[in-house]
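Student: Sharing a structure here in structure tokens format.
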Amino acid sequence: MSAPEVENKPADAPEHCPGTESENAGKASACAGCPNQQICATGPKGPDPSIALVKEKLKEVRNKILVLSGKGGVGKSTVTALLSRAMAQLNPERNYGVLDVDICGPSQPRVLGVLGEQVHQSGSGWSPVYVEDNLSLMSIGFLLGSPDDAIIWRGPKKNGMIRQFLTEVDWGQLDYLVLDTPPGTSDEHLSATTFLKETDGNWGAVLVTTPQEVALLDVRKEITFCKKMGIPVVGVVENMSVFVCPKCTTESDIFPAKTGGAEKMCEEMEVAYLGKLPLDPRLAKCCDEGKDFITEHSKSPTVIALHQIVAKVQDFFD
């Protein structure tokens, strides 16, 4: 039998944390090396104070979307950028934000075309970088001296960075905050989930996969993670589903779905299937160059499919 979940523990706590309200807080063997050990051992017992700070900071954010993937390389960051750009363009009267919590591999500054921009600080906190008038971005990529700098951090330091993003970035009023996460179910996911589940407004997860079974195996685990953590699943996007020839429009399966693909998996796991995004080589080029694929190639089958997916995502929240 697995150990029960401890609810009252900091987001950056070790795996077997006894909880801040326990008599063993700061004294148990699991507490060794935890950045909160001294506070827990000497301070009053109670919930993580950061949770209240995050709730206050995000009180004007109506909807939060976690973009997840079980495996790397399925296009999760690309889908995050496409989803955010499309919603911002379709709803110019609304405000959108992207938070890149892939601490070790921040790619949103390049994908969204704002690589090299600087984050400014004011009395109300860090100001996110604006991609469009109604689309802003915050990423650790803006805080590095060079895009080639490596982030070599253990879990507690990553979690501290995410806490700082959620408590110190001045997002203002947002209709949607989209979080780009690393692959799998790691410290970043646990930290973001612990904070977001206590905030006001709606939240949910969009999962990204490719058709082949090796990717579907991991996205099944991601769905199980969402159910265990109480994260509403908005649905699954099947990325790179087919290749549509730009000359003759013939469809080819680059990654054959041997077991029925994402749609069949969604039926088995009882989650929504949002749709499939065809593979378009021009999209990869736009991501590398930080260009807006949606406006540059508006007639692409990928853009047409994207708008259908966006409609389903917005229906879930609205």
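Just so you know, glycine gets a Cβ as well, placed from its N, Cα and C.
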Student: Of the candidates Cys17, Cys104, which one does Swiss-Prot list alongside Cys31, Cys34, Cys40 as binding [4Fe-4S] cluster 1?
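Tutor: According to Swiss-Prot, the candidate sharing the [4Fe-4S] cluster 1 site with Cys31, Cys34, Cys40 is Cys17.
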Student: For the binding-site residues Lys71, Lys76, work out the Cβ neighbour count at 10 Å and name the residue with the minimum.
Tutor: Lys71
Student: Three-state secondary structure of Cys40 ([4Fe-4S] cluster 1 binding site) from DSSP?
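Tutor: It is helical.
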Student: Starting from the Cβ of Cys34 ([4Fe-4S] cluster 1 binding site), draw a 10 Å sphere and report how many other Cβ atoms land inside it.
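Tutor: Its Cβ shell of radius 10 Å holds 19 other Cβ atoms.
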Student: So if I measure Cβ to Cβ from Gly72 (ATP binding site) and keep only same-chain residues at least 6 apart in sequence, which ones fall under 8 Å?
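Tutor: Set apart from Gly72 (ATP binding site) by at least 6 residues yet with Cβ under 8 Å, we have Pro182, Pro183, Gly184.
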Student: With a 10 Å radius around each C-beta, find which of these binding-site residues (Cys17, Val74, Cys245, Cys248) has the fewest other C-beta atoms nearby.
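Tutor: Taking Cys17, Val74, Cys245, Cys248 as the binding-site residues, the minimal 10 Å Cβ count falls on Cys248.
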Student: Let me spell it out: for each of the binding-site residues (Cys31, Cys40), count the other Cβ atoms within 10 Å of that residue's Cβ, using every protein chain shown. Which one has the most?
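Tutor: Comparing the binding-site residues Cys31, Cys40, the most crowded Cβ belongs to Cys40.
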Student: When the Cα of Lys76 (ATP binding site) is compared with the Cα of each of the binding-site residues Cys34, Cys40, Cys245, Cys248, which one is closest?
Tutor: Cys245
